[in-house]
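Q: So TrEMBL says this about it:
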type	residues	note
DOMAIN	50-205	domain 'AAA+ ATPase'
BINDING	Thr62, Gly63, Lys64, Thr65, Thr66, Tyr204, Arg216	ATP binding site
DOMAIN	297-369	domain 'Cdc6 C-terminal'
Amino acid sequence: MSKDMLMWDETIFRNPEILELDHVPEYFAHRDSQLQSLKFTLRPAARGMRPLNCLISGPPGTGKTTAIKKVFAELQEHVKNVVFVKVNCQIDSTRFAVMAKIYENLLKVSPPSSGVSFGKVFQKVVNHLIASDKILVVALDDINYLFHEGHADEVMYSLLRAHEQYTGARIGVIAIVSDTGAMYKFDPRVGSVFLPEEIAFPRYEYGELQDIINNRVYHAFFPHVVPSEVQEKIVEYTDLTGDLRIGIDLLKRAGLNAERKASRTVSIEDVEKAYEASRLLHLCRSIVSLNEHEKTLLRLIAQGKDPQTGELYKEFHEITQLGYTRFYELVQKLNALQYIDADFSGKGMRGRTRIIKTRYNPADILHCLEK
Ligand SMILES: Nc1ncnc2c1ncn2[C@@H]1O[C@H](COP(=O)(O)OP(=O)(O)O)[C@@H](O)[C@H]1O
Ligand SMILES: [Mg+2]
């Protein structure tokens, strides 16, 4: 056996847990101003005041969730009169589930699962806060997943108006929006009470990705396992989407690919193979955030339904009952979100697009739509 081969009980990973996506990294660079702003909005809570509300936005994989986790953990050490609760709205995706999560965090038991309304659970949350003289800070992470059927508006409205309804209630709200291109506006009722400090998490620049990935490689693998040109390849792939999650997932999968071959080093091919799996991760995650009508339209386009013969609109209309104006708006939206390329140059009737193609491999889109 060559010395380049791993023995069965050997590994190239020094600390594999560092490549898990829920790992909170010790090295969290290039986000100092965002961390400062976030702490600034929460500072009033330490003095017993209602904190400022906050709207955090940015593309996926730019450190939004990590920043919240870091700041909550740090502040919780110092302030005892404040309860910090982070709700993952992708998991708790209804108004009731969100409020139940907050209730659980505060009262350390779950609310009854049936026979109680959202309003009742909310009232108990507020009563508990007032009775225990505590301030609540709620981070609604990936609130996009609550945008359907007014769930987000109702949760926000209740939390933001609590102090008007119940004297002494002190609640601050941090809404975290992962913008995949789709814009969402809160109901005007919410807008008039939200008035948030806005904190943007822009895409990382190439050099920043290089730095962060370099640090991850150093901690996750033994020395000399990831050659510099291989690491550079991973940075390049990560930069295509700007999503650091892709980079970290690539490191893990490429490492596993190398180990499968009992290799002591990760090769470019290991990365290429891993990328096939990782890039779908990104596409699928953004497709999940589309609504049902948008998904239906995207599916028909990926299936190759022809816009020119009217086949595309006809089938869309049969499934959704929506008219041409709405159809045309959704085509424009999918175009703006860069799922499709639509050529609007066709003469004649408004919106008679001649060519509509998916920007991704149609099979990949259909794969994600099936999940
Ligand atoms: N500045 C950073 N330094 C180190 N790791 C980071 C940084 N920003 C993000 N990450 C890592 O990238 C992944 C995605 O970050 P996350 O906070 O979940 O992004 P978001 O919530 O914006 O989608 C996580 O595994 C996180 O550890
Ligand atoms: Mg997140």
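Start at 1 and count along the chain as shown; that gives each residue its number.
Cβ coordinates come from backbone N, Cα and C, glycine included.
Those TrEMBL annotations? Automatic predictions, nothing curated.
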Q: DSSP secondary structure for Tyr204 (ATP binding site), reduced to helix/strand/coil, please.
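A: In the DSSP reduction, Tyr204 (ATP binding site) maps to coil.
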Q: Out of the binding-site residues I have (Thr62, Gly63, Lys64, Thr65, Tyr204), which ones have their Cβ sitting under 6 Å from ligand 2?
A: Lys64, Thr65
Q: Rounded to a whole angstrom, what is the largest C-alpha distance between any two of the residues Thr62, Gly63, Lys64, Thr65, Thr66, Tyr204, Arg216 that the record assigns to ATP?
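A: Per the listed residues, the maximum Cα distance equals 18 Å.
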Q: Near ligand 1, which of the binding-site residues Thr62, Gly63, Tyr204, Arg216 have CB less than 6 Å from any of its atoms?
A: Thr62, Gly63
Q: Once near-sequence residues are set aside, which residues in the chain of Thr65 (ATP binding site), 6 or more away, have Cβ atoms under 8 Å from its Cβ?
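A: Non-local contacts for Thr65 (ATP binding site): Asp141, Asp142, Ile176.
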Q: In the domain 'Cdc6 C-terminal' (297-369), how many residues does DSSP put in helix, strand and coil?
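A: Counts, helix then strand then coil: 37 helix, 8 strand, 28 coil.
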Q: Compute the average pLDDT of the predicted model within the domain 'Cdc6 C-terminal' (297-369).
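A: On average, pLDDT over the domain 'Cdc6 C-terminal' (297-369) sits at 84.
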Q: Applying a 10 Å Cβ distance cut-off over all chains shown, what neighbour count does Arg216 (ATP binding site) have?
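A: I get 24 for this one.
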Q: Using DSSP with the three-state reduction, classify Lys64 (ATP binding site) as helix, strand or coil.
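A: For Lys64 (ATP binding site) - judged by DSSP and reduced to three states - the answer is helix.
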Q: Looking only at Thr62, Thr66, the binding-site residues on record, which one has the least crowded Cβ, with the fewest other Cβ atoms within 10 Å?
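A: Candidates: the binding-site residues Thr62, Thr66. Fewest Cβ atoms within 10 Å: Thr66.
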Q: Give me the non-local Cβ neighbours of Tyr204 (ATP binding site): same chain, 6+ apart in sequence, Cβ-Cβ under 8 Å, ordered along the sequence.
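A: Spatial neighbours, sequence-distant, of Tyr204 (ATP binding site): His30, Thr62, Ile212, Gly242, Leu244.
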Q: With Cβ-Cβ distance below 8 Å and at least 6 positions apart along the chain, what are the contacts of Gly63 (ATP binding site)? List them in sequence order.
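A: Within the chain, Gly63 (ATP binding site) has Cβ neighbours under 8 Å at Phe28, Arg31, Gln34, Phe201, Leu244.
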